[in-house]
Amino acid sequence: MSIKSDKWIRRMAENEGMIDPFEPGQVRYNADEQRLISYGTSSYGYDVRCADEFKIFTNVHSAIVDPKNFSDDSFVDVKSDVCIIPPNSFALARTVEYFRIPRSVLTVCLGKSTYARCGIIVNVTPLEPEWEGHVTLEFSNTTPLPAKIYANEGVAQMLFFESDEVCETSYGDRGGKYQGQRGVTLPRT
């Protein structure tokens, strides 16, 4: 299994629709020449953007977090260019980009160091072979202060690994519960 390069990522995005919308280079400034947290193609990965749809966790109902019986009541929906995450809390968001993962590829997501150095951790599970959809992102604010996430800027990097052998059963074959997800998707059992 080997990690894939910028050339491969560009080819797969442009010819196979693996990433949509796709940025072939690294974007570091907006149209007004203001600095951004970078996104787009890097040497051995793709830096994704966070869309402007957020679900911010709140415990106004004194609920218990149960992945088998998760309630949307635990979140406040926000549509904004920024998301303020309360201290020691978290928020869900989604990528701007829609992914279509090839059958021979496993994709792993890592948080960007810009956020990690501020105590904001990005968590995403692997994107399995033949999975497609918007990626649901989880941002944990590990600090005792409110933390800010910027929409339409880089938040995490996707690394693509291609196997020497194609899997026998893909996520698509199994009819995975998150197949084709759009928007911020809560846990399903």
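Any Cβ shown, glycine's included, is placed from N, Cα and C.
Listed in Swiss-Prot:
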- Glu138: active site, proton donor/acceptor (ACT_SITE)
- Lys112, Ser113, Thr114, Tyr115, Ala116, Arg117, Thr136, Leu137, Glu138, Gln157, Tyr171, Gln181: dCTP binding site (BINDING)
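Mapped onto this structure are the features recorded in Swiss-Prot.
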{"residue": "Lys112", "record": "dCTP binding site", "DSSP class": "coil"}
{"residue": "Thr136", "record": "dCTP binding site", "DSSP class": "strand"}
{"residue": "Tyr171", "record": "dCTP binding site", "DSSP class": "helix"}
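The distance from the Cα of Tyr171 (dCTP binding site) to the Cα of the residue listed as 'active site, proton donor/acceptor' comes to 21 Å.
Cβ environment of Glu138 (active site, proton donor/acceptor): Phe90, Ala91, Leu92, Val122, Asn123, Val124 lie under 8 Å away, each six or more residues apart in the same chain. Compared over the binding-site residues Thr114, Thr136, the count of CB atoms lying within 10 A of a residue's CB peaks at Thr136. Residues Lys112, Ser113, Thr114, Tyr115, Ala116, Arg117, Thr136, Leu137, Glu138, Gln157, Tyr171, Gln181 are recorded as binding dCTP; their most distant pair of Cα atoms lies 34 Å apart.
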